[in-house]
Amino acid sequence: MAVEQPQGWRRQGWLMLTALAFMTRLPVPAATPFDQESLSACQRWFPLTGVLVGGIAALGYLLGMQFWQPPVAVVVAMALTTLLTGALHEDGLADTLDGFGGGWSIEQRLSIMKDSRVGSYGVLGLGLVLLARFTLLSSTDYTVILLIVSHCLSRALAGGLMGCLPYRRQDAQDSSRIESLTGYQSNADRTVMLATVLIVAGLLLPLTLVMVLLLTLVLLGWLMRLWLMKRLGGYTGDTLGAAQQFGELLILAVSIAWFGQG
């Protein structure tokens, strides 16, 4: 059944708060809606939540630079993003790596991913991703800009995957709110996500680099879609976290390589 699209800027403001509650640990008003329609429509604001998270991290980096050297300021920025999101995406990455590394069937992978304990694949993979992110952010003069852009675009990637993959329930009792976001992505949702990405990246980066990053994200999204369909038959909340982490890292790597050639 088609979901009625929200009307008016006030409604969009409430949807933004729903997205913030879904993607971060930031407090929101008690009146913030969590009905299925709101949960379905809020995904359009995922990239904008990334702008907020990345912006706060950038402010933390600038503050840290007043007292310490860049590597320490980068740690401050990374710690802030972890606090803001409750390590939601990092946890998803670790669970995904454990499930895909240790499971031989879809059922085994889902079972491992649901386990709250972190295995060797998750520890090793998450450690490498954090080390790579720290190294990249410490090696550029564009840290502030890239914190904002990478958090914005990587959440657009996660939102895009939700629109082209079925949701895999982890068990019959799984009542994850992510299921409420599945199957309802409209053209309006995609338009808002794309517009946010284009505006944010277009204001902060050279146009050619913006095009390169968009093509890179499309390629990564296509590869992840194939990978998730083959190995899981769809996506879970954990795999969305993994997509965000991979996307963020790839955006940083491509952007810094681009600036290094300039």
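Each residue, glycine too, has its Cβ placed from N, Cα and C.
Packing against the transmembrane segment (12-33) from elsewhere in the chain are residues 6, 39, 41-46, 48-49, 52-53, 83-86, 88, 155, 177: each is 6 or more residues past its ends and has a CB under 8 Å from a CB in it. The transmembrane segment annotation in TrEMBL covers 12-33 (among others).
As annotated by TrEMBL, transmembrane segment applies to 45-64 (among others). Cβ atoms under 8 Å from those of the transmembrane segment (45-64) belong to residues 12, 15-16, 18-20, 23-24, 26, 72-81, 84-85, 143-145, 147-156, 158-159, 192-193, 196-197, 200 of the same chain, restricted to positions at least 6 beyond its ends.
For 70-88 (among others), the entry in TrEMBL reads transmembrane segment. Beyond the ends of the transmembrane segment (70-88), by six or more residues, the same chain brings 23-26, 53-54, 56-58, 60-64, 130, 133-134, 137-138, 143, 147, 151, 241 to within a C-beta distance below 8 angstroms of the stretch.
Residues or ranges marked as transmembrane segment in TrEMBL: 118-136 (among others).
Proximity of distant same-chain residues to the transmembrane segment (142-167), defined by a Cβ-Cβ separation under 8 Å and at least 6 residues beyond the stretch ends, is recorded for 23, 43-44, 46-51, 53-55, 57-58, 61-62, 70, 73-74, 77, 81, 178-179, 181-183, 185, 189-190, 193-194, 196-197, 200-201, 204-205, 213, 217, 220-221, 224-225, 228-229, 233-236, 239-241, 243-248, 251-252, 255-256, 259. Taken from TrEMBL, the feature transmembrane segment covers 142-167 (among others).
Non-local neighbours of the transmembrane segment (192-222) in the same chain are 43-48, 51, 145, 148-149, 152-153, 156-157, 159-161, 164, 243, 246-247, 250-251, 254-255, 258; each lies 6+ residues outside the stretch with a CB under 8 Å from one of its CB atoms. Marked as transmembrane segment by TrEMBL: 192-222 (among others).
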